[in-house]
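J.: Quick one: the structure is below, and I'll ask about it shortly.
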């Protein structure tokens, strides 16, 4: 399609004024993965004048089935760079800048940098990064369009400081954890064996030492913990012979023979089958003619037999031995075949020992990597809706809507809602914010407390960075510099009302902008770059007294939206995903839009 034809079509669709606004806009796209590729294509074809795309990842073979801006020749190349080059061909008149960088840690990405954009798009699958971008956009007062997909489900929402929900307004589900006693002694599901192989065995042999104090001990007896510590100490001793050829044999005999025999001997008769110790001599004979490396590559879709898992285990252990002895720091990565083969083989053997259903390498990789298969059509739908949402935000803000592809029962719904207001209980969206400049190497904590007190009129206040650094009962740090307390440029400090008053001040977040990017220097120790905010107040809710005469307890579902907030819902007549997510900590999809709240439902044939 010619540029002239595309331009005229856009004008007929959005109007001349809107197209002019789009052409003069500078937008930031964070993430060039499944959703990000679709978004970048849409932004380019819509004629956004200037686009900055940022991603810290490189192209992997597993990306190619859905991330269409990449080809086989791009494997191991930076996603942002390749995406820019490919998308530029769709519309050479668009100015695209790419960054291979970490949005959280790179010092270039300050609040002043964010202020240079008219709109920010989030296309991330990492919760920490999403929360960081959310916080920076709220501080810079730049509109953010947040999006995400999970299999057949997805959502996109607009985030405006002080006006709509932010990323933190909706609680995120915490990752699933498993008690020590379950994963070690009584595994009953494939996920238990994977967690054991990935988070315990691999870490003990090739990674950093596991801190038992951080493990979930809630359901473990003292005897179980002592046994685990003993086995852990024995594993760590094996590291002393990691350079020896017999290392693989020693690990196998200890893990799958000696330890299992010990468990079987002390096994309580609780109706479960006793674990079966595995004989090295027996398996060595059975696997004598098997090639572990070949099995790992050619039989990824098949469930491995006991002897096949044995062969892969030894082969993967040798590969990891070599890398470890060469000084390489090893961490599990689902796309690292050496670490993946080790975990899959160990999990398969552990499952065999404990009579747990075994699965293929393909299936166990999804569990180990907490993967839900990405659906290209879902990515395309959410990306299109997100870009449309951004266009409305720039041209007709009153038309902005949030979109959800959610599930209820056997049906999936496409839901359109008005953006919800910020949650009163969200400390992120309810905070007041100010950007300041100061020399953190010279400015003392007492200077900060004195400056804050001018517009945060509470004697009982607390100052937090990554930890508490001041309150009325902890004033030891007042004469120390901010830098000495870990407060750096490009970081946040939170001021909290620590009083017992019925009416309290909301939190105040202070962002320390680097002096080189803040413009002219000031003679003041601390100078505000953005206006001093009026910190809002709130009334502390006192718990209601229990009424013993009440026969019923009425619980309000505050997650439901009212009728007036739901514009439309469409039932998608397509089979729902059968995949169960192991870890819900990243690509979160909101589930709080209820069918009962809708005014109209349309079923697509």
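FYI, residue positions are counted from 1 along the chain as it appears here.
Just so it is clear, glycine is given a Cβ too, placed from its N, Cα and C backbone atoms.
The ATP binding site annotation in TrEMBL covers 31-36, 55, 63-66, 79, 125-130. Look at TrEMBL and you will find 166, 169, 426 tagged as Zn(2+) binding site. Annotated active site, glycyl thioester intermediate per TrEMBL: 181, in sequence order. Annotated region 'Disordered' per TrEMBL: 519-560, in sequence order. Per TrEMBL, compositional bias 'Low complexity' is recorded for 529-540. Annotation comment: TrEMBL describes 543-555 as compositional bias 'Acidic residues'.
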J.: Counting Cβ neighbours within 10 Å across all chains shown, tell me which of the binding-site residues 31, 34 comes out on top.
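T.: The most densely surrounded of these binding-site residues is 31.
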J.: Neighbour count first, Cβ atoms within 10 Å, every protein chain included; then name which of 55, 125, 128 tops the list of binding-site residues.
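T.: Of the binding-site residues 55, 125, 128, the highest Cβ count within 10 Å belongs to 55.
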J.: Three states by DSSP: which one describes residue 55 (ATP binding site)?
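T.: In the DSSP reduction, residue 55 (ATP binding site) maps to strand.
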J.: Just the number: how many Å between the Cα atoms of residue 55 (ATP binding site) and residue 169 (Zn(2+) binding site)?
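T.: One finds 25 Å between the Cα atoms of these residues.
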J.: So for residue 169 (Zn(2+) binding site), how many other CB atoms are inside 10 Å of its CB?
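T.: Around residue 169 (Zn(2+) binding site), other Cβ atoms within 10 Å: 20.
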J.: Would you list, in sequence order, the residues of this chain other than 166, 169, 426 that have their CB within 8 A of the centroid of the site's CB atoms, where the site is the one recorded for Zn(2+)?
T.: 165, 167, 168, 170, 422, 423, 428, 429, 430
J.: When DSSP is mapped onto helix/strand/coil, what comes out for residue 169 (Zn(2+) binding site)?
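T.: Note: residue 169 (Zn(2+) binding site) is helical by DSSP.
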J.: Using C-alpha atoms only, work out the spacing between residue 169 (Zn(2+) binding site) and residue 65 (ATP binding site) and round it to an integer in Å.
T.: 34
J.: Considering only the binding-site residues 31, 34, 65, 125, 128, which residue has the minimal Cα-Cα separation from residue 166 (Zn(2+) binding site)?
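T.: Result: the closest of the binding-site residues to residue 166 (Zn(2+) binding site) is 128.
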J.: I'd like the per-state residue tally for the compositional bias 'Low complexity' (529-540) from DSSP, helix first, then strand, then coil.
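T.: Secondary-structure composition of the compositional bias 'Low complexity' (529-540): 0 helix, 3 strand, 9 coil.
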J.: Cα-Cα separation of residue 65 (ATP binding site) and residue 426 (Zn(2+) binding site), in Å?
T.: 38
J.: Enter the number of other CB atoms within 10 angstroms of the CB of residue 426 (Zn(2+) binding site).
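T.: Looking across every protein chain shown, the total is 16.
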J.: If I take the alpha carbons of residue 31 (ATP binding site) and residue 426 (Zn(2+) binding site), what is the distance between them in whole Å?
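T.: If we compare the Cα positions of residue 31 (ATP binding site) and residue 426 (Zn(2+) binding site), the gap is 26 Å.
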